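The annotation transmembrane segment is assigned in TrEMBL to 14-33, 53-72, 84-107, 128-149, 161-181, 193-214, 239-258, 279-302, 339-362, 382-402, 408-432, 439-462. Residues or ranges marked as region 'Disordered' by TrEMBL: 591-632. Positions annotated as compositional bias 'Basic and acidic residues' by TrEMBL: 591-616.
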Amino acid sequence: MGEVVQMHFTTVDYVIFALLLVASAGIGLFYAFSGGRQRTTQEFLMADRSMSCLPVSLSLLATFQSAVAILGAPSEVYAFGTQYWFLGCSYFLGLLIPAHVFIPIFYRLRLSSAYEYLELRFNKTVRICGTATFIFQMVIYMGVVLYAPALALNAVTGFDLWGAVLAMGLVCTVYTALGGLKAVIWTDVFQTVVMFAGQLTVIVVGAGQAGGMAEVWRKAVNGSRISGLDLNPDPLERHTFWTLGVGGVFLMLALYGVNQAQVQRYLSSRTEKEAVMSCYVVFPCQQVVLCLGCLMGLVMFARYGEDSPLDKGYVKTNDQMVLYFVMDVFKELPGLPGLFVACLFSGALSTISSAFNSLATVTMEDLIKPHFPNMTEAKATLLSKGLALAYGLVCLAMAYVASIMGSVLQAAFSIFGMVGGPLLGLFCLGIFFPWANSIGAVVGLAAGLAMAFWVGIGSFLMRMPRSTTEPHLNTTTLPLFDNMTTAVLTSLASSPTAKPRPTGVEALYSLSYMWYSAHNSTTVVVVGLLVSLLTGPMKEKELTPGTVFPVLGTLLFFLPERYKEKLCCITPLTPKPKEINTLPYQMAKKDSNGAAYSKEDTSTEDREMERDKAQTEDEDLDTQRALPSCQLTAHTVQETAL
């Protein structure tokens, strides 16, 4: 098994790749010097809460569709068949629940950071714990997601490794630091189009060279790559309908329900209705993305069959196979490899820019503003831009760390994936269980993280000795598919069918990685509830209005009133859309963290929709402030403000 001559980019390929970076930077500069010129934190971090449904939904999609997914999904389908496609079944509930549970709560509380919710629901300690956990997972992830595609590109084409890393990192940092969330969202839209174009081109040209889609399908059927419905309930099986379709729901909730990068996009929408619609629009787009990944894997199989480039020694890892295939298919077509690499790096850029912006937001809103309540708007905005810039430099430093970590890259990805589940559990504890208290929340989060690291690291260590004998399953340095909160290596959860079923602790280590999020979030909820009951559950009167979703009152309709009262599920705590009064929530936020919110934070809708009624609104608010807090009742907001 020898190595083939390394393929190289033509001048046209370099030009197309450079155009992607220039266009992305151009969008950022445009928003830096137009409109409000990013002079307020509200505009820089929240896009002035003025975004419409389509750009938000495409941005949500781009954040999910990272470079690792573009490299990984086709490799997965090539090696194991189309069973992975059943992950699409989890998208329905994975997007429906955030649309109708998480978005209404976050949007009506007028949050900037998802972790503000934790302080409103519990206390400042829980908020800081949640923020610190999120920062930890994102900082680890940023460097790896920047370095990994550049490494694959370098291995296959000889493209300068650190040239690619620096170009991506610096361009991303510039447009995020200058243009804010609005620039991030619109570059995501542009990058999504590039991603679709790149993947479609590969599929069309590759299928044409293989003899057409009918021939591709015939070869895939003959090669047993078209998988049927596997209803095996065993949670240790790597991919079945249940692990993908049910376990996948928890992965989707961790991403689309509580991840700051996605929550920030919902909160940047003009209205709650548009935020919910953006969730609905993502659903068909994700199905298309999933199908494109699967089709590319089948086209690869039609070209190489069982005789893969990995077996021949042309590439060293699974993540390099897709790039090798692209360079092989397009060797007579200059410019098209550049288009696919632009597609690949678009995924990386959209993921990293989202990370920068969300990290700047949580650092500003959760760690700085509460301690400096009198900070001027100009200083706060400048500091936010400085934070985005600083996180950009941290990302480049993390890329260097990733380069010297070698096989520990696997552990880094796993650590990132392990943190998403406990954070989901923490939010579920607050939203669905009114009697959960702050002690329960902190202990539950600690227990969830401990369980996640125990299982994840134990699983990793248990499989290390097999890496030399099973190159197909364990030599990859990238997860075969990922998203912002669930990048867990497939190789950590794969086990040969010939081995006897593990028992005891080994069974826990052999749990399919698709169940990690469900397992860890359940640990947080169960431990959190037990500790809350032992330390004195919260009473309904102690809860901030609008922080609990009233699902328990409906589910426990058969209980006597006195028991329902003890469980805090008599009154629905989330107001209906047309009865929202943001004043009590704004006051609760101010009381809970001592931060004086700027005028932009509390009156965005007045500025946009009711400038001519400002005086009337002020008089109305003055009247309400004069009332005792117990008499504050929800008043009707103008329909146009919704």
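Indices start at 1 and increase along the chain as displayed.
Cβ from N, Cα, C; glycine included.
Put simply, of 14-33, 128-149, 279-302, the stretch with the most CB pairs closer than 8 A to the transmembrane segment (84-107) is 279-302. Counting Cβ pairs under 8 Å to the transmembrane segment (339-362), the stretch among 53-72, 161-181, 193-214, 239-258, 439-462 with the most such contacts is 53-72. Same-chain residues lying 6+ beyond the ends of the transmembrane segment (439-462) with a Cβ under 8 Å from its Cβ atoms: 118, 122, 125-126, 129-130, 133, 410-411, 414-415, 417-419, 421-423, 425-426, 429-430, 488, 492-493, 505-506, 508-511, 516, 519-521, 523-533, 535. The transmembrane segment (128-149) shares the most Cβ pairs under 8 Å with 382-402, out of the stretches 53-72, 161-181, 193-214, 279-302, 382-402. For the transmembrane segment (53-72), same-chain residues at least 6 beyond its ends with a Cβ under 8 Å from one of its own Cβ atoms are 145, 148-149, 152, 184-186, 188-189, 191-192, 195, 199, 255-256, 261-262, 265-266, 268-269, 274-275, 277-279, 281-282, 285-286, 289, 293, 318-319, 322-323, 343-348, 350-351, 354, 478-484, 487. Long-range neighbours of the transmembrane segment (382-402) within the same chain, counting only residues 6 or more positions beyond its ends whose Cβ lies under 8 Å from a Cβ of the stretch, are 38, 41, 44-45, 139-140, 142-144, 146-148, 150, 165-166, 169-170, 172-173, 176-178, 180, 352, 355-357, 359-361, 363-364, 368, 375, 409, 412.
When Cβ-Cβ distances below 8 Å are used as the criterion, the transmembrane segment (161-181) is approached by residues 21, 24-25, 27-32, 38, 43-47, 146-147, 149-151, 153-154, 187, 264-265, 268, 345, 348-349, 352-353, 356-357, 385-386, 388-389, 392-393, 395-396, 399 of the same chain, each at least six residues removed from its ends.
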